[in-house]
Every structure is written in structure tokens, then in C-alpha cells.
Amino acid sequence: MPKNTKVTQREHSNEPVTESVADLLSLEHPMDYKSSQMSMGLSPGSTAPVKALLPSPDPDAEDGRPAWNNKLEYILAQVGFSVGLGNVWRFPYLCQKNGGGAYLVPYLILLILIGIPLFFLELAVGQRIRRGSIGVWNYVYPRLGGIGVSSLMVCGFVGLYYNVIIGWSIFYFFQSFQYPLPWAECPIHRNGTQAVVEPECEKSSATTYFWYRQALNITSSIDDTGGLNWKMTLSLLVAWIMVCLAVIKGIQSSGKVMYFSSLFPYVVLFCFLVRGLMLKGAVDGIAHMFTPKLEKMLEPQVWREAATQVFFALGLGFGGVIAFSSYNKRDNNCHFDAALVSIINFVTSILATLVVFAVLGFKANVMNEKCVVENAEKILGYLNTGVLSRELIPPHINFSHLSSQDYAEMYAVIKTVKEENFAQLGLDPCILEDELNKAVQGTGLAFIAFTEAMTHFPASPFWSVMFFFMLINLGLGSMIGTMTGITTPILDAFKIRKEILCVVCCIIAYLLGLLFVLRSGNYFVTMFDDYSAGLPLIVVVILENISVAWIYGTKRFMQDLEDMLGFRPYSFYFYMWKFVSPAVLVVLIFATVIEMAISPAGYNAWVEAEGSDRFQSYPPWALAMAYALIVVAMLPLPIVFIARHFSLISDGSNKLSVSYRKGMMKDISNLEEQDEQRFILSKNPSEAPSPMPAHRAYLGPGGTQEMTNTNYGTSTKTGYQNIGSPESEL
């Protein structure tokens, strides 16, 4: 210990010496911050400790933690993680289902109320503490350390089935390199001189048949596993190899991959938009999409689905957002990042919606024209056989050039005259609006409706290759974020080579993922999608919000943000974090539970004999498996809370990383030198300038009094508390 420190002086003098923060930190024992817990934000007499957020090491110090090469890589990584398959096949469906353009109003309102504030919160805690999800919430409040473990488990569940979707896209991608496309027509079997169309295909459609029979080779129920589908098993292997190569070097490798995987989908979407607008019927689809049905805005279901979409679109609660931001510099403007990524996500959803409905509008026109031709042939047959009188046909109608309007007029006349036996004629109305109202989402949109539309494109294989390559890149960007959310907390907690960890994780995930490439695997994908992430993630995010806003304290958090960013965030965030966001999330939890209770638990099983799907309830074992996914994902929350409440396990706060210790010891050395200078100049610590950046007490929104911290009955102002004290930092 240096000879001139006040601690040394006290040993040789009877005079009282005021200890500086540097003196307190110069001892080795205070490095265990478990002993310096503070009762922040608790009622007097409460013994439950609240861990203050820890400061990050000096970003310029050699702390060994990887960092983004530049800001663009980081933004692309966050965009790639948040913008995923849901933007392409979920958002357009919700728009169509919930009032068209009117749906955008509740979506934007909820994006502002819960989306951007909570996204900003996750970015901020990850950037300042510089840890993964487990480390972050262990330091914020150790008893809620289970938040990070639950996030990791949800990431694992989602990653298992999400990569299967990438595998499906890879299969379709390679199948697209042929003309005509293999799903353009139904297969024909030769029986001697007779050609017979595949019955299953004839009852459904060519694209539907290819998806269920050629790609999935699906069974008729979840009880019948049917064995492995070798084509999808190989596709899944390729998908996991791609993900492993992308994340094996951490952000050094994934950052480079993001340049392509995040930007290429936008190139494809713009190409599809330009091509789609040139197709007949595209304007009909877009007009149908954005025609607002304002009465829909009054339905609670619309707001619930909008909130859920906002929630999942930004990737809240998965841990990927926190993991990516933990590799940032301490003074990075994460407030700007939160707004930018959220806006890009929303604009991408709108762009994808334009593309989808331009293409579906074209498909609706093609199908409507096909309907008109088929029914016109029926009418001609009835005219030739005398079932219908030629006097029923308006004189201006030409069957060789029959338009939709002409058919509608002829249909109305026949229906009026032949009202009694009209149903026996078997004529369809062929209304374009009916085709546009056929809502499709998820795999039904990507692998059936969209693929069918592309068969009518000129140069259809080119567009098919582009479309499925885009899906692969969208999925890859989200999978990189998901895997980072898994590996970063593990790497923070254990000394493991990231290459070995990534390879082991990918191998285990591939073996577990074989469940989804059984012939019944699509039913398990539906189960995991419905149960593994929904309710657990909402619970995780509301606990994140509560731990920061109510346990750590919104005022302290705002002050920490001001110290980190160099400016005070808007008071808007104070009220959102403190009151609005928790209230909205509580309502969302209740709405989700009620929805699960009243909706029958089941899946759409493919019936080969009928050429269509039919809803079936889960058997008891599958229902138990579905609810087990929810329980297992949420189980770490009560287990960690109880274990730490009764001191059964360490709170993890004294397990500072080597990099953190290096940063702290560097600060201690600087403080000691300045403390010795103050002693030589005979200045009291309170008179000397602080070596740390000036901290201003946060007054709260419109507040007039400085916030005080209560610690063992002693009131100290925030400004003093923050000087060099790790407990007061974010």
C-alpha cells in the first residue's frame, strides 16, 4: 500500500482522518460487492438487498471483451435480429385480418408505448453492464436472476424450431433451380395409355400438394410420427452448419455475415415490389390491404394482437438485444439506436406488406379469371344441352372474351330466373373480393400462396430463387441473434472457448431438432410456436421492467442514463417505464392467459383423402408436452428467487470478471494518485475536484428535490454516492 495514503496515516496518528473513496477501494476485500448491498427503493427496515447496476470497464482498457468493428455492423445485427420471418408472413396477415389500414393505428400506438421504451431499456442495461442476459439481471437484482435463465431457455426452444423453417427454405431454394417449377402442376401418373392426375393433388392444388406431400411427406396426426423425413433432415443439417459458421467467432464473424444477411432481403423486397406493381391486379391487392375498416379498432382482440406483434417484432425478452448491446462502447447513443431500429422494423413490415398484397392481388386476379373461364364453360354446356335458355344471356356478352363484369352480370340474371334450382347448376360467383379476403399466414403464405403466385411470373425460377434466398437470410439474421442470446451469458459465466461452445450448442440443437423433421414434425413446430415463447416471454419482459423501474428505481436509472449518454432522456421514458409499460404488459398477460383458456388446444392435421387440413385437438400426452414448455421456460424465475432468498446459492455479484477487475484497479490507481496529491496540497477530499465525471442529481420529471439514497438509515445525495461507487452505476 502506498505510504502516504490516509489509511497509512491513521495507523501512525491519533488524529481522525476522513477516508476518501479511493482509500475505501484500495483494499482488496471491498472487491466482493456482496458485502456492500444497499437497500435502495425499499421500505425502512426491509432487509431485502437491491443490487445497484455495475459500471462497465473503460472501453479503451484491454478488458478482453470483444467489440463491434463499427457502428454499422452493430445496427445491422440488431436490425437482422429484429427483422425476421414474422415481418414477411405475420404482419401482413394481421393487417388483413384486423381492419387493413386501421390496424396500423393501434400498432403504432403500442409501438410507442411499450415497443421503443422497452427496447431502449434492454439496450441500455446491456451496454452499461456489458454482460449477457444472465449477468445483467444478476447484477440488477440477484433474486430476479432467473430472468436471464428463462430468456436463455426460451431462446433455446425458439432456436430449435426456427432453424427448421430455414431448413424448409433451403429445400425450396434448391428445388427452384428447374423449369417449370416442381410445384407448378400436379403430378400425372401413367396407367398404360391413360394419364391420371394424383387424386390428393387434384382435390387440393399443386402448391399445397407439393408442400404437404413432396416436402413434408406429412402424416395424418401427431400420434403417427412416420419416421424421419430424410430430405428435411439434410436441409436442417445444412441450416445448422450455416448458423454455426456465422456465430463460431462471436461478433467478429456474425458482424461480417450481417452485412449480407441484413441488407440482401431489402434488395429482394424492392425487386419484388417493382415487379409486383407491374402485375395485373397488384393495385387491387394493395387497395384491399389499406382500405381501413375503422370499426375493427374498437375490438379488444385487435389491440391484443397488435401488442403481441410489437413485442415479438423487436425481439424483446430473448436476450439477443442485451447480448448485442453488451459489446458496445459505454458511451454509445443507445437511445438513438432504439428509435432507429424500431423505425426500420416498422418500415420493413410496411414494405413486406406492400409486396405480399401486390403479389396476392395478382394471384387473386389469376384465380378469379380461372374461375370465370371454368364457370363460363359450365354455362355453355347448359346452353348446348338446353338446361339454360339463350335468352338469359345478355346480347353484348362474348364468351370468347368474357370479363369478370360480364360474368357477374350473367350470373346475376341466371340466379334470378333459376332461383328454385340454381344450386343444382353448381355455378360459383367468382368475386375478386372473396379471393382477396382469403387470409393466409406463416407457412401457408410462404410455401403455398406465394409459391403459387410465382408460378405465374415470367422467369418464375429466378423469382423463386430470390424469394427463398431472402427467407434464408431473414431467418439467419434472427438465428444469429438467438444464438448470441444463448452463448453470451454462458461465455460470461464460464471460461469456455467460444468456438467449442458454438459447435457443441449446434450439435445438441441439431440432434434435438430431429423431432421437427419427423413426418409429423410440422405439428411440433406449431406446438412450439404457440406455447414455448408466448407467455414466458411476456412474463420475462414485465419482470425486466419491474426490476429496473420499481426495484432499482426509475429516477436512478434515468440518472445513470444521463451519465452514460451525456444527456438526459425525455421524461416520456420515465412515465412509460414506471407506469404505462408495466400496466400494458399486465393486461397483455391476462389477455394471453384468457385466450389460451378459451381457445381449444390443437393443430391443423392434413387429411390425405380429402386433400385439405382439419382441426384436431392435442392428445393428452401432446397437451402435457405443450404446457410443460411453458412451465419449464418459467421455472427458473421462482427457483432462483427462492434459492437466493434463503441464501441457498450465491447471488453472483461477487463473481466479477477479470476484465472488470482490471478496469476497477485502473480506476483505483488513478484515484490513489490524485488522493496523494490532495493530501500533499492539504486539501480535504470534499474540496478537491472529483476525478470522476460530474454527476447531477436527477430531479425526476418536473421534480425539485434531489433524490436521496437510504442506506442503513443514512441519507446521502445521489451526486456523492455516484462518485467512484460501483453500486450506484448502471
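Keep in mind that glycine also has a Cβ here, set from the backbone N, Cα and C atoms.
TrEMBL annotations:
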- 1-20: region 'Disordered' (REGION)
- 74-92: transmembrane segment (TRANSMEM)
- Gly80, Val83, Asn87, Asn345, Leu474, Ser478: Na(+) binding site (BINDING)
- 104-125: transmembrane segment (TRANSMEM)
- 146-174: transmembrane segment (TRANSMEM)
- 232-251: transmembrane segment (TRANSMEM)
- 263-286: transmembrane segment (TRANSMEM)
- 306-327: transmembrane segment (TRANSMEM)
- 339-360: transmembrane segment (TRANSMEM)
- 462-488: transmembrane segment (TRANSMEM)
- 500-519: transmembrane segment (TRANSMEM)
- 531-552: transmembrane segment (TRANSMEM)
- 572-598: transmembrane segment (TRANSMEM)
- 618-643: transmembrane segment (TRANSMEM)
- 684-730: region 'Disordered' (REGION)
- 705-730: compositional bias 'Polar residues' (COMPBIAS)
Task = Just jot down the residues in the same chain as Gly80 (Na(+) binding site), at least 6 apart in sequence, with C-beta under 8 A of its C-beta; none if empty.
result = Met258, Ser261, Ser262, Leu476, Gly477, Ser478, Ile480, Gly481
Inquiry  = What is the set of residues, excluding Gly80, Val83, Asn87, Asn345, Leu474, Ser478, whose C-beta falls within 8 angstroms of the centroid of the C-beta atoms at the Na(+) site?
reply    = Val79, Phe81, Ser82, Gly84, Leu85, Gly86, Ser262, Pro265, Thr348, Gly477
Ask   = What is the total of other Cβ atoms whose distance to the Cβ of Asn345 (Na(+) binding site) is within 10 Å?
value = 23
Ask   = Using a Cβ-Cβ cut-off under 8 angstroms and a sequence gap of six or more, which residues of the chain neighbour Asn87 (Na(+) binding site)?
value = Ala313, Asn345, Thr348, Ser349, Ala352, Leu474
Task = Please check if the transmembrane segment (572-598) comes into contact with the transmembrane segment (339-360), where contact means 3 or more CB pairs closer than 8 Å and the residues in each pair are separated by 6 or more positions.
result = no
Remark   = For the transmembrane segment (104-125), the distant same-chain contacts (Cβ-Cβ under 8 Å, at least six residues beyond its ends) come to 53, 95, 136, 140, 297, 302-303, 306-307, 309-311, 313-314, 316, 321-322, 325, 334-335, 337-339, 341-342, 346, 541, 544-545, 548, 557, 561, 564, 569, 572-573, 576-577, 580-581, 584-585, 730
Message = Before we move on, state whether the transmembrane segment (306-327) and the transmembrane segment (339-360) share at least 3 Cβ pairs under 8 Å, counting only pairs 6 or more apart in sequence.
response = yes
Key: Criterion met for the transmembrane segment (500-519) and the transmembrane segment (146-174) (at least three Cβ pairs under 8 Å)   = yes
Ask   = Given the transmembrane segment (263-286), which of the listed stretches 74-92, 462-488, 531-552 has the most Cβ pairs that are under 8 Å apart from it?
value = 462-488
Key: Same chain, 6+ residues apart, C-beta under 8 Å of the C-beta of Val83 (Na(+) binding site), given in sequence order   = Ser262, Pro265, Ile344, Asn345, Thr348, Leu474, Gly477, Ser478
Query = Do any residues of this chain, six or more beyond the ends of the transmembrane segment (339-360), have a C-beta under 8 angstroms from a C-beta of it, and if so which?
reply = 75, 78-79, 82-83, 87-89, 91-92, 95-96, 107-108, 111, 115-116, 119-120, 266, 269-270, 272-273, 276-277, 279, 282, 285-286, 288-289, 313-314, 436, 440, 445, 449-450, 453-454
Inquiry  = Out of 74-92, 146-174, 531-552, 618-643, what stretch is closest in contact terms to the transmembrane segment (462-488), meaning most Cβ pairs under 8 angstroms?
reply    = 146-174
Ask   = Can you name the far-off residues of the same chain, 6+ from the ends of the transmembrane segment (618-643), with a Cβ under 8 Å from a Cβ of it?
value = 143-147, 149-150, 153-154, 157, 222-223, 527-528, 530-533, 535-536, 539, 543, 601-603, 649
